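Structure first, then comments.
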Amino acid sequence: MVRISEDLIRRRAEHNNGEIFSLEEVSLHQQDIERIEHIDKWCRDLKILYLQNNLIPKIGNLSRHSCTLHISGKTNKCMAIYIAFNSVYAENVGRLKKLEYLNLALNNIEVIENLEGCESLQKLDLTVNFVGKLSSVESLKQNLHLRELYLVGNPCTEFHGYRQYVLACLPQLQWLDGKEIGRGERIQALQELDAVRRLVLEQEADYIEKREEQKRSGLKETTEKQEDPQINQLLSENQNGTHQNPESSSKAHTDAEDKEKEFWEKPCPFTPESRLEAHRHLEDKRRAKEKEREKPKNKTLRTLITADGRVMNVNEPKFDFSLTEDENNCMLLDLHVYRHMDTSLLDVDVQPTYVRVTVKGKVFQLVLPAEVKPDSSTAQRSQTTGHLLLILPLAHGEIKPKKPTARPTSVTSKQNTKKETRPVPGRELLEVDPGLAGSLANIVPKGKESSHKPLQLSQPHQHCGVEERPVSKDFVDDPEVPPLM
């Protein structure tokens, strides 16, 4: 059974920054709650309360305490006395003075009660419950601000005179089951109230007797199921998770399927007991599935790296990919990931010698042909195709020269047939007048011997006519003296 705890209400109070004392609206639907408690203490300013689709049998009940006295035998001239207190905690929804809207649809409520203290109540929704005591609607007379009431799907709506009885008992009501109440309809209901009340009470007594019989038959079936040895054996085997042999295991599985089919196909009245039984059956089935998931499964372990350290190539998601190398000494891995896959489902791990990409538990691993730099690597997704592109800089890359671009040749006229020779870039030639070649050659005095080579002057594709002097026999070539160019 799910209890209303402070943590549950605080989690449902996110719109109020988790504060529960100043909470004005809270939704506790579909929580399998079987008792309303603590709300009147923690949320006194509550105006809207959603409790639909739970297992609540009563709207509220007064708190009561009983004391039981147990006296044991005399021991050592003393008498041991045990006092046991049996308490029923109050489900005091009636203490919510500011409550305006209460939604209790799809529960196990049979009687309308304990709402007299909800002074501000304006709307009450009891759709699809088990309210068969229609006379309990008179307890809402003290809710003077009540304007809307929903009882669709309850057994009391099948009584003859149901609508007239409710209109006559609750004069403050303006809407019943989503239909507005007219003035003439209310006057007619008040005129026929005595006759309608007698008719309603007779049908109510028949329904109550029928319900008592349903409770007795339901209790009898429950006792028989508990005493059935086959069911007890199946339950014990399911709880232990073991069977004697494969034959008994398959037989138990077949029996469980037959029991499941029989449970849902067997006709039964729609009562609070049958609804509780279906809920508990589904809960047991859910717990059995959770136990099956927790059991260790014998899965074949995948090998990503062998015992000797060799990395394997793995492509479990079966993605297409391409591995290329660009001019910037980087490897480009283009992995064809699904286009609409969320990027948070991808886990990329770049190592110097391999790349590993995990996609929803499936591993893609590729050994790289050269070592890369993991710290400098980047990953990005394509916004159009969704592909994953990994840019992996090489760790020992070589600088590759760029390919020369072809230059357009100049168009020359037909008259200039000779090709012009251009000097090599980076080398400048000295232009010398041929008439001054003799005077420049006599820069070094004749009486002194020089270790420099004679000066050679040249023009493009022409040499000056300078005579080279013979080298003396006593000439010593000093390697520290640079040659004369």
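In case you wondered, yes, glycine gets a Cβ from its N, Cα and C as well.
As recorded in TrEMBL, the features of this protein are as follows:
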| type | residues | note |
| --- | --- | --- |
| COMPBIAS | 212-228 | compositional bias 'Basic and acidic residues' |
| COMPBIAS | 229-249 | compositional bias 'Polar residues' |
| COMPBIAS | 250-265 | compositional bias 'Basic and acidic residues' |
| COMPBIAS | 274-297 | compositional bias 'Basic and acidic residues' |
| COMPBIAS | 464-476 | compositional bias 'Basic and acidic residues' |
| DOMAIN | 314-412 | domain 'CS' |
| REGION | 212-298 | region 'Disordered' |
| REGION | 399-485 | region 'Disordered' |
Looking only at the domain 'CS' (314-412), what is the model's average confidence as pLDDT?
84
Summarise the compositional bias 'Basic and acidic residues' (274-297) as counts of helix, strand and coil residues per DSSP.
21 helix, 0 strand, 3 coil
Going by DSSP assignments with H, G and I as helix and E and B as strand, what are the residue counts for the domain 'CS' (314-412)?
3 helix, 42 strand, 54 coil
